[in-house]
């Protein structure tokens, strides 16, 4: 019997190398083979294509494209038939990022120069396949409301028929379904009926509901092609807590956290609607028809287009009340017309709380680590069709929207992160959309909830063209974002040397520090970038100040004018009241956040509470000569000539540059009694200056106190006061003085120093 050869190799013979069959000859053959194996792992379990927006049903390990499971939502896995609730749907963000990296690597290995590696491949292919797929599902999460939202869209390939000009055109039917638990009052008439009597009455048929809602019956003159077309154009509205309708009958399923009612108005013309985002695809045929028939519009801004018979087109009166949050323009039972916020086709709202599942837990991650934003916004109906057909614009519209804007109004609506359309376009690198939004009056200096501006986003993602475009439209180059990071911090941190050069040429400050005291040069190891950032500054502060004045002058003068006097005599108060009538302004007796102008009698600012609050809020602090000049000319004069110099001017420029407040990063503890400056007034000043109040006296010898790594933003760079963030304030106008403390992060400071800092709008040095 022959001996079995040993399974281990001897030390003289090297172990066999795993066989790797190269896909093609030439360079990187093994990498191509490995990429081919990776491609097999990134395929959908149903369509066997590369995953597009991968999702899992939660009950099994199979992963599908979002468009492949539209008919399986809420039923089960199409492969292993494992039951799955609709709330178990999860988007695999990590796998989506891996697919995008795979696509970029494939383009590099195969020398595919035609494709743009910067574009989002999965999203671009999704729009390309939208006309070949009938159903697509979209899920995303709202970290703030801890809810999931799901939209199943049915995209029609064939061209939408135009509505006939006569009054016999087909209209959509509106049906209403009310859930059994909890009982919901549907209309004004239904409020009079008792809830117990609802059980005695049988369910109403669809035809009866249509008759009660004064809907016209369907005629044989309809120009729709098939019965299925009629099903797709029915609008179904639900109340509060609801059951889910079949996704095959309704084109869109929307799981909102609000659980409110939305009724969508259907019109035969698709000329002007709220643009759908991402998979709400507007076909080119539909867009072309909107150009041919611009007079046919959906009800917008409390008015409806009038048809040939004198009746409003597309304005039904369903017998349900709508939620204020949804803001629908559908007429209610009382006859009110409300503005629609969603598309006029197949909208179904379902409350997540009605579905049989536990509390939804959603992981909230940092925005900059996410691959794409969860919620985006829609453009106004006045967007030109050429921009709608642009692929980059469609990539910007990557998620379903809850915003509808009328034409000519800047897109000021935000998603749950506070991002506007300009933020989304800057993140995605959509140059055409950024240019369009800026030309239509969008503010380039708007901040989201974290403090980022569109310039921050463009610098962080390396979009040089968008950075130049924003700077051309007077974007502030030194404004701070999250943790007081400037755009130069973001550009240096991500190694974008071209953007660093552009920012420096527009006056970006090299010495700007964030909340941790780090400059832009501290965030990069690249020698070419460090050499640029280590150059001495010359006129950066002057250039940025001049830029901010030019940017905000027009915006400031277009706003309301609110006046308040400080230290004025009775005669001066009468003249100020007269100026109120001349300029159609408002005069306040007490200071609030709406005040724009503080009038003082002479060339020095008053140390009154009104004047100091005006300084801290960046108001115009003007001499009384401005009032006389305005009364003489009977119009508003330029404020710059009459502004009190020093602290008031520095504060106003600081506000126009959107920089942090005076006491940003500082903490205060008020110890002892305060008589000359009341404690309540000091608390108001500290809060208005961005400082924080400590309820306990800080301990200088505490390791926790001394290890705080934040700095004061407005302290001088070469001063040790920058690292002092906790102040113990005492009253120093009396003979009794507490023991002085000046140890590390904790310093003792008199109340007069606090007042002097406010008047000068700078952190003055403390005497040792």
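Glycine is treated like the rest: Cβ placed from N, Cα and C.
The region 'Disordered' feature in Swiss-Prot is assigned to 1-20 (among others).
As annotated by Swiss-Prot, region 'Required for BRCA1 binding' applies to 20-113, with the evidence given as similarity to another entry.
Sequence annotations record features per position, and here Swiss-Prot assigns region 'Disordered' to 188-226 (among others).
Taken from Swiss-Prot, the feature region 'Disordered' covers 307-334 (among others).
Per Swiss-Prot, region 'Disordered' is recorded for 370-414 (among others).
Annotation comment: Swiss-Prot describes 373-391 as compositional bias 'Low complexity'.
What Swiss-Prot records for 380 is phosphoserine, and it gives similarity to another entry as the kind of evidence.
Per Swiss-Prot, the feature repeat 'ANK 1' maps to 417-449. Note on the repeat 'ANK 1' (417-449): mean pLDDT across this stretch is 92.
Break the repeat 'ANK 2' (450-482) down by DSSP state and the numbers are 18 helix, 0 strand, 15 coil. The annotation repeat 'ANK 2' is assigned in Swiss-Prot to 450-482.
Packing against the repeat 'ANK 3' (483-515) from elsewhere in the chain are residues 453, 455-456, 458-462, 464, 467-468, 471, 477, 521, 523-524, 526, 528-529, 532-535, 537, 539-541, 543-544, 547, 660, 664-665, 710-711, 713, 717, 722: each is 6 or more residues past its ends and has a CB under 8 Å from a CB in it. Here Swiss-Prot flags 483-515 as repeat 'ANK 3'.
Positions annotated as region 'Flexible linker' by Swiss-Prot, on the basis of similarity to another entry: 544-548.
As annotated by Swiss-Prot, domain 'BRCT 1' applies to 551-644.
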| Chain residues in Cβ proximity to the repeat 'ANK 2' (450-482) (below 8 Å; excluding those fewer than six residues from its ends, i.e. six or more beyond) | 367-368, 417-418, 420, 422-423, 425-427, 429, 431, 434-435, 438, 444, 488, 490-491, 493-494, 496, 498-499, 502-503, 506-509, 512, 514, 544, 547-548, 550-551, 657-660, 713
